[in-house]
Amino acid sequence: MQLSVVDPTWELLDPNPDIRALFLEFNDTFFWGQLSGIEVKWSARMTLCAGVCSYEGRGGLCSIRLSEPLLKLRPRKDLVQTLLHEMIHALLFVTHNNKDHDSHGPEFCKHMERINKRTGANISVYHNFHDEVDEYRKHWWLCNGPCQKRKPYFGYVKRAMNRAPSSLDPWWADHQRTCGGEFVKIKEPENYSQKRKRNNDPTKSELGNSSHVKINKGKSNGVDIRTVIPFSGTGYKLFEPSKSDAQLKIQNDNPTKDKAVMHHTPPSTNQTDSTFLSRKIVSAKKISVANTKVFINLNGSPIKLPSSSNNKSHQDSSKQKSVLHFFKTQKDNSIDLTSSSQSFPSTSQGPNREETEHFYKKLQMDDKESKDTFIIHSLNKTNVSDSLNNKSCAGPAATINSGLNHTKVCCPVCGTEIFESKINDHLDTCLQNYNT
């Protein structure tokens with residue numbers, strides 16, 4: 001035997017039912033599935049009535065809200081009857097477009113009696129929850145005018161929210177015309193004014209937040225790993241210069257001090273060279289791979305071009321248009337080397353002549369290797385010209401046409417006409433003879 005929807009046994013089987021599940025079951029059983037698009041939910045702030053059916057827009061949107069404060073302590077039977085009452089309103093809205101909340105006419109009574117006979121429920125026109133409604137009316141006002149002696153309210157206004165009577169109420173104009181008294185608040189929840197002052201006071205709220213933060217900071221959720229494994233590295237703060245940068249800045253600000261230190265160093269060329277190279281490495285800036293004067297794009301990979309002996313030769317090589325112009329600057333480079341030797345720190349005795357000649361010969365050999373590499377790179381550059389951009393390839397290399405392999409070219413060193421395919425071997429021989 002199937003239990004009725006208001007059977008007392010449900011108080012033990014399902015005391016706190018899911019309103020959405022109840023709604024779907026009642027929709028299929030009593031309303032022919034016509035309310036599938038209607039929303040049903042709890043309302044935590046509604047205290048004047050147990051339930052309400054809201055109509056939204058012109059597209060047939062409707063929602064049912066049930067009062068959680070009024071129904072949470074009531075028997076399950078009251079929840080079921082209230083839900084069925086609001087579902088009848090929703091059915092009239094869906095079928096007859098009836099949006100009147102207070103309309104309990106013949107059509108409403110017909111569905112109400114049909115469901116009552118079928119289920120044994122007692123769905124009524126109005127919900128009789130006056131005691132619960134009055135329980136939530138904590139804010140009272142009393143009029144000091146003649147309406148104190150009039151029935152049925154005797155000048156009292158009781159509300160669940162702290163909103164004094166005003167012109168927003170529909171009965172305000174009639175009260176001003178017949179009574180004209182003022183409403184004075186006579187009752188409110190315990191400690192309500194103190195809580196309100198505490199919430200409105202910004203200083204106390206800030207103090208409360210700070211104390212709360214301190215309490216949270218005092219809580220230990222676990223052991224800090226820094227107490228177990230100490231940090232042994234070197235830390236750097238953001239926006240703080242490192243020690244090496246600070247030392248470089250001090251050295252740049254005091255050039256006389258650097259000269260004094262260099263003057264008192266022992267006469268060792270190796271130590272001087274290492275000091276010069278270390279300073280050059282520290283002060284050098286990182287060159288971007290987008291710089292076409294230093295890097296070229298070869299099959300998608302950046303390749304660094306060979307650098308010359310000094311900045312002057314590098315600037316000249318970046319502007320040259322022929323290999324002949326490259327070798328014309330060799331004598332100028334030798335002059336620059338002799339002039340640059342004067343910039344090295346002088347000593348009381350000076351280095352030996354053999355060491356000096358060995359040093360210059362080493363520089364010339366390095367310069368020769370860089371020039372040979374540069375020439376070979378410029379001759380082989382035409383093989384990958386399709387993968388290079390014309391603008392990015394406008395570097396120190398000279399453009400050579402690879403289609404003229406059987407033509408003769410003039411050697412830039414000795415002036416002899418040589419086949420272009422044998423120019424590399426001939427240049428190696430000429431360079432060796434030229435340096436010796």
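These residue numbers are counts, starting from 1, taken along the chain as shown.
Any Cβ shown, glycine's included, is placed from N, Cα and C.
Checking Swiss-Prot for region 'Disordered' across the ranges 184-219, 328-363 points to 184-219. When the zinc finger (408-435) is classified with DSSP, helix, strand and coil residues number 16 helix, 6 strand, 6 coil.
The recorded positions recorded for this entry are His85, Glu86, His104, and the Cα of Glu86 lies nearest to that of Cys414 (Zn(2+) 2 binding site). Other residues of the same chain near the Zn(2+) 1 site, with their Cβ within 8 Å of the Cβ centroid of His85, His89, His104, are Cys53, Glu86, Ile88, Phe108, Met112, Val125. For the pair His104 (Zn(2+) 1 binding site) and Cys430 (Zn(2+) 2 binding site), the Cα-Cα distance reads 117 Å.
When other Cβ atoms within 10 Å of the Cβ of Cys430 (Zn(2+) 2 binding site) are tallied across all protein chains shown, the result is 19.
Comparing Cβ neighbour counts within 10 Å across the binding-site residues His85, His89, His104, the minimum falls on His104. Close to the recorded Zn(2+) 2 site, the chain also has Pro412, Val413, Gly415, Thr416, Ile418, Leu427, Thr429: residues not among Cys411, Cys414, His426, Cys430 whose Cβ is within 8 Å of the site's Cβ mean position.
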